[in-house]
Amino acid sequence: MDPEGAPAAKGLQVLEAPEQRRPRAPWFERHVQPCVAELLGSALFIFIGCASVVESAEGAGRLAPALAHGLALALNIAVLGAISGGHFNPAVSLGAWLVGGLSLPMLLPYWVSQLCGGVIGAALAKATTAGERFANASGGAFSTIGSDGQVPAALGAEVVLSALLVLTVCMGALNERTRTPLAPFCIGFAVTAGILAGGAVSGACMNPARAFGPALVANHWDYHWVYWVGPMLGGLIVGALIRLLLGDQKTRLLLR
């Protein structure tokens with residue numbers, strides 16, 4: 001009892017109480033579920049992308065494939081992003097790892113899941129589209145580059161367009177100061193804008209998994225390396241830019 005006769009409030013030391021930690025997610029949810037989500041999301045995205053190219057009417061231009069790719073990516077990120085981050089793209093996973101949004105042990109499993117998803121998506125497109133159209137469109141594989149002289153412009157376009165996409169992902173979904181709940185649709189818009197702007201130059205792949213799946217299924221490998229080097233360089237550039245200049249205080253390595 002205190003001098004006033006009231007009971008003393010013993011044990012209510014709120015400020016000194018140990019911090020309550022959230023229980024760690026089970027191993028399955030930390031390691032297996034994200035890879036399954038990347039596999040499924042990549043398969044669905046690349047199926048929609050390949051099918052939109054194969055079934056696009058002649059003379060329709062790039063609008064239908066651009067919208068199909070952008071909307072499919074936005075929807076997949078919206079429904080699967082909480083599980084895996086919604087990358088569905090090795091270049092995006094590279095950028096996410098560089099800015100601290102993905103752990104190094106998960107980088108290779110993500111890449112494998114995305115590439116396998118790309119093959120599944122391209123195979124589904126082959127199974128569900130008309131055989132003649134599939135062959136004429138090279139299965140949705142990238143066939144824009146027709147000669148060595150086009151390679152510099154195509155490679156440059158892939159670097160720039162991929163950098164735009166990875167920048168949108170990292171700043172819209174990962175960077176603490178700039179992330180937004182509209183990130184899935186911003187990312188989808190980035191893909192749509194990239195295809196509309198660069199489709200005639202390089203095909204606007206921006207995604208090695210999107211290139212690899214239909215290339216394997218349709219056996220079309222012409223200038224395939226461009227669609228790996230360009231997006232990966234774009235991811236590296238954005239990762240360095242955010243780490244050095246654009247990231248929030250927790251992300252920046254310099255000038256904290």
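Glycine too: its Cβ is placed from the backbone N, Cα and C atoms.
TrEMBL entries are annotated by machine, without manual review.
Quick look at what TrEMBL annotates:
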- 31-54: transmembrane segment (TRANSMEM)
- 66-84: transmembrane segment (TRANSMEM)
- 91-112: transmembrane segment (TRANSMEM)
- 153-175: transmembrane segment (TRANSMEM)
- 182-205: transmembrane segment (TRANSMEM)
- 225-246: transmembrane segment (TRANSMEM)
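Using a cut-off of 8 Å between Cβ atoms, the transmembrane segment (225-246) and the transmembrane segment (91-112) share at least three residue pairs, counting only pairs 6 or more apart in sequence. If you look at the transmembrane segment (31-54), the same-chain residues 6 or more away from its ends with a CB under 8 A from one of its CBs are 64-65, 68-69, 72-73, 76-77, 80, 83-89, 106, 109-110, 112-118, 120-122, 124-125, 128-130, 133-134, 137, 139-140, 209-210, 213-214. Long-range contacts of the transmembrane segment (66-84) within its own chain (CB-CB distance under 8 A, at least 6 residues past either end) are made by residues 33-35, 37-38, 40-41, 44-45, 48-49, 51-52, 110, 173, 183-185, 187-193, 195-196, 199. With a cut-off of 8 Å between Cβ atoms, the residues of this chain six or more beyond the transmembrane segment (91-112) that come close are 31, 34-35, 38, 84-85, 162, 165-166, 169-170, 173-175, 206-208, 231-232, 234-236, 238-240, 242-243, 247, 250-251.
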